[in-house]
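Worksheet: one structure, shown below.
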Amino acid sequence: MSDTPTIREMHGLSDKPRTFDQVAITVADPDTIRSWSFGEVVNPETINYRTFKPEKGGLFCERIFGPTRDMECACGKYKRIKHKGITCDRCGVEVTNARVRRERMGHIELAVPVSHIWFYKCMPSRIGLMLDMTARHLERVIYYEDYIVVDPGSTPLEKGAILTEEEFRNAEDEYGYDSFEAGMGAEAIQKMLAAIDLPTLVADLQEQLDNTNSKQNKRKIAKRLKLAQGFLQSNTRPEWMILNVLPVIPPDLRPLVPLEGGRFATSDLNDLYRRVINRNNRLKTLLSLKTPEVIIRNEKRMLQEAVDALFDNGRHGRAVTGAGNRPLKSLSDMLKGKGGRFRQNLLGKRVDYSGRSVIVIGPELKLNQCGLPKKMALILFEPFIIHRLKELGYVHTVRSAKKLIDRKTPEVWDILEEVTKGHPVMLNRAPTLHRLSIQAFEPVLIEGSAIRLHPLVCNAYNADFDGDQMAVHVPLSVEAQMEARQLMLAPNNIFSPASGKPIATPTQDIILGAYFLTHTRAAEVQNNQDNHHHLPLFESIDEVEYAIAARKIGYHDWIRLHNPDYGKKPSEVVYGDVTKKVIITTAGRVRFNEIWPRELGYINRNVGKKQMGDIIWRCYQTVGKERTVQTLDALKNLGFKEATRSGCSIGIVDMVVPSQKKTEIEKAYAELDKVTRQYKNGIITDGERYQKVVDIWTQTTDVIQAALYRKLEHNEGSKMASPLFMMVDSGARGNKAQIKQLSGMRGLMAKPSGEIIERPITANFREGLSVLEYFISTHGARKGLADTALKTADSGYMTRKLVDVAQDVIVHAEDCGTSNGITVHAIYDGDEEVASLSSRIYGRTSCERIVDPVSGEVIVDINDLINEKQAEQLEKIGIERLKIRSVLTCELKKGCCAKCYGLNLATGQEVKIGEAVGIIAAQSIGEPGTQLTMRTFHVGGTATTAFKQPIVKAKNDGRVIYTEDLRTVENADGNFVVLNKNCSVRIENEQGRELESYQPVIGTILYVPNGGTIKKDETLATWDPYNVPVIAEKGGIVEFKDMIVGITVSKETDRETGASSLVVMEHKQELHPQVVIRDAKTREVLAHHAIPAGANLTVKDGETISAGTMVAKTPRKVAKTKDITGGLPRVAELFEARKPKDACTIARVEGIVRLSSKNTSRGKKVITIETPTGELVDHLVPMNKHVIVHEDDHVHLGDQLTEGPVSPEEILDVCGKERLQEHLVNEVQEVYRLQGVEINDKHVEIIVRQMLRKVVITEPGNTEFLWGDQVDKTTFDRINEQTVAQGGQPAAAKPVLLGITKASLETESFISAASFQDTTRVLTEASTLGKTDTLEGFKENVIMGHLIPAGTGFSRYSKIEVEPAEGAEEIAAASEEEEAAELAEDMLNDTINFDNER
């Protein structure tokens, strides 16, 4: 290829991008600002009102900023490209491209120095820190209100002292006019800053820091020291924070656009610059005229304010407003917020070759296809069509090709078909909550204007067809097309990255069709298994098909079939039964099985939504992706076809009301009467009554729901199932709660506050609601809608914070080589397993070797990726805990390693290097948040409380074992009453293996002694679900102590019942209401029982009681409805590491509790714990807190001592990092589990890891760290290694927990932090510290226009070069020549036109 410059290069349009790998930011000095400038702006005018040409020396001056028209000077003496680079001698304008008006800057020489508002107003004030002045004093000096002593000379005044006008005059009179120097305004501040000697200041501050012990002083000195070091290291001077020269940004970045009607639209910056220039010019004039000081001072202050408004309008004083009282947008506003430069233009750009349209369903499509309207495709694929038209010789120039396309000739349509074949397009649906919201498809051209979407991807997009719109994007380059095809094509995204479960699962109609085919009744199955000899026998599946076609048998008829799996090995099939020669099945199931690969075996069961997900997952594991995708398409066709044939529809007759409803409601009312009588007789309190009422109705509703469901399933004994039952049971549409409301009873409703109204709605929608019932319903319905609107925004914001904090976690290496990990176990809620061990260890790397105790074979070895089989085996042999590798313990300096991360859930393969696991984690956690917010909406606000049964029955036969720390006392009935919590009762078999275990609450009555035997379904324990009791450990005579009516206890008489009871109040005095038990004979004290505030006393003074009697009871917290409304804020609270409102106190040591009755310290109770070594450790507890431990209880490190939520910081402090990590992961997961959302632990672990990546320096040693610095753990380790290697003393630090917002702002990259929040503060800090951004994360690279450093842009792949295909050079050369010819042709035409005009 020749070396002559191409036409593009002559026009200054080079193709070579400028590459750089880091960006630094510092404070600019005046000379640098002048060096950027192409001339001084002295004139406030913009353009001439008559000629519309820029004014000379003004804000749009062509001499300074360059010509307004390409290759043409202002006066018109020089035109054309041949004069390029000449400066016109008449008008002084350089002949060049008009594009330079986007690059060339000007400047304004200020008459007096002016302070930069960011450096003194952004807290902490940088100028204030450098001069050790408060922001208020600084402000008074800068705005010409007070004087500051710059140089005290021989006077006793202090340097930097602030003097009012009066004090300054007095000092002048007293010490003489020239004896000291004081000034006001930015000028004086500049002199002060210029006088600072940075090395000396740094040394002084370092010494002060070493010698002070006060934490507050340390903090302040450390801040100053850090700033001084920043200036020193970045070779900048503090006086540059005061401006002598103001830069003027290029005019095309603050354009002035003519509108019709002779008006102009202008950028606000022009107004702000005009104010500055006007005031500056006026001040210059006044200074040359010997004007009085007062006027000049006022003018200087106005100049300062004008410059402030330009940089950050509204930061100081009232904002400068334009027409209609609208504040003008300053330079800071251009950067900040959603509409600012960072988020609007750098992180989110408009994309060329894209379109959007409404979506409709495309049932005829394959999974890898989408229907694209022809008229959209014509525009989207235009460049490819033009290229092909030229290639085939239909046209020779781009212009004529465009004309041909506009005419839509037949050959254009043919070429369009050819061009789109095999060229994937990307479809995106907003809101893009996770990566599956953008997938690639092969376009199928269709008539009409709507995009057609494959039904199986709707789940991933969360799309429905009620008017949703989607955007189409066309990948242009070959590399982009390859990535779209390899990584983004829909068949490659069958599984959810959040949980690894199939996400391309069928829903609604398809599920209904499959269920219709396979559905049978449980009763029939048993019946036919027993007497099946009368059933028709078929040799093969084809025979069954003939019989169906001939209408000899129907889908739901039972048949016998020769087993297609007979004789295979059990390992060869997943579902089939390999032992039977003949299986009993239905004709519908035979048809359902035709589409599945034979390797799965014969699926002989009811198939609903849940089973379908399982079958697809097994199918993928057995036969691989390609055949699974084909099967999915076959399933879609079968499902739609059979759903149509089933004729399934809902009529009002399908909503049958169960006959038991009436009797159940009557029973409930009878129960209510009993409760009311108990309340009237004073046996229970009002709170208990309310809770019992709520529980009675909850149970009644459940009983009616169960009866209704049974009735629907039975369907009056008809052969066909009820359509309503089919829809719900299959999971196609609706749920049991909705059916309950249709024809059961609506049940309890919630008030807007979340409390439950105790009168339920006994009617259902089939019967219709009364006016009152309808009115009560409106609460819930409205709350649902209001919640949805508010929470969607919250959830989106949380996702944004999560992405920001986790964005730089990328898989950087195969293995970091650590032996550390975390120990996981199954998670139980009460006695129900909510997360099995196998589900938690699947796809993770083991840290242990586990051997089968029977056969001796190694099931899992160290560093093995645990697959499903291994996970199940481990569970089978009774392994309860396993240590696995985790991102939390990964020791890689940057990102994490593949071994610590484990499996990539979306592919089921080991995670690849360069995978952006952090962003996947953030999306996996954020995406359901948005769905959960919608959850309240559908049930219409009926209250669902989690009601725990107060009776525990044994599930197995066995021996009952109490753990050693369980303390009980035998009561009068010979049963055992539990006295403490944090202990358990378990049932073991003869071999001593645990079968089940329960954690009893205080006051639980155990019916079987320790070591006793129990049979299955016998009652083991009962407890009071409404109260927390105080139990007497010893029998004797009751004596009240410190129980003074009106001070520590109140006598409450119930208005309705007249029964009175004593309730302990909260009080300020040093009194401790307690119940003392004395021996009946010797009168000696046997036990003290401190009674918490809010407790009702259940014994009388002087009464004789036996051991195990309840002395007092505190009502448990009243049940509110459980709903993600509590959930989303809870997740946010955990991730933001907020301190909970009334956090509990936790044990700082392990040992035995000693409750000292008299001990109080500053109005707080003292709980003492005696450690095994005999040391006593005091814990202070607020007076009104309910203590939940008792005398002689054994507590472990970190156990709760009082009621309330645990503060995460406290856990970190007391129990260390590992315990906190486990706590956070489990708490977050609990919220999602409650909503039935499955997220893999590893995603939460990544976020928790990011929250704990900083340490705070407690002892700097010989390192460069300062006391109280927060630094990355990796940086800390690196510097310590270097220091130790040089023989120095390493620094000491402790881990610190940051919330996700704080952690995002503390990131190493200032560009990433500035684009997140607090833009001005981040940039101010970065510039004064002279920070360098090494462009390692995502956002920095996107902002800089580079490829992201992950996936195919990862550094180890970016060195690969694409080898050009044969003949590529000729094509390039030819296209260059063609382009040159076209440009020349265009220029020639322009010249002719121009000459004609002349």
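Yeah, the Cβs are placed from backbone N, Cα and C, and that goes for glycine too.
Quantities reported herein were computed from a predicted structural model and do not represent experimental measurements.
Per Swiss-Prot, the Zn(2+) 2 site holds C890, C897, C900; the candidate it also names there, chosen from C816, C847, is C816.
Neighbours of C816 (Zn(2+) 2 binding site), defined as other CB atoms within 10 A of its CB across all chains, total 19.
Comparing D468 (Mg(2+) binding site) with C73 (Zn(2+) 1 binding site), their Cα atoms are 53 Å apart once rounded. Per Cα geometry, D464 is the residue among the binding-site residues C73, D464, D466 nearest to C816 (Zn(2+) 2 binding site). Counting only residues at least six positions away in the same chain, the Cβ atoms of E62, P67, K79, C88, R90, C91, V93, E94, V95 sit under 8 Å from the Cβ of C73 (Zn(2+) 1 binding site). Of all the binding-site residues given, namely D464, D466, D468, the one with the smallest number of surrounding CB atoms inside 10 A is D466. Residues within less than 8 Å, Cβ to Cβ, of C890 (Zn(2+) 2 binding site) and separated from it by at least 6 positions along the same chain comprise C816, T818, C896, C897, C900, Y901, R1249. Cβ atoms within 8 Å of the centroid of the Cβ atoms of C816, C890, C897, C900 (the Zn(2+) 2 site) belong to the same-chain residues A813, D815, T818, R885, V887, T889, E891, L892, C896, A898, K899, Y901, site residues excluded. When the alpha carbons of D466 (Mg(2+) binding site) and C75 (Zn(2+) 1 binding site) are compared, the span between them is 61 angstrom. When the alpha carbons of C75 (Zn(2+) 1 binding site) and D464 (Mg(2+) binding site) are compared, the span between them is 62 angstrom. Within 8 Å of the Cβ centroid of the Zn(2+) 1 site, not counting the listed residues C73, C75, C88, C91, the chain contributes A74, G76, K77, Y78, D89, R90, G92, V93.
Cβ contacts within 10 Å of C75 (Zn(2+) 1 binding site), excluding its own Cβ and spanning all protein chains shown: 14.
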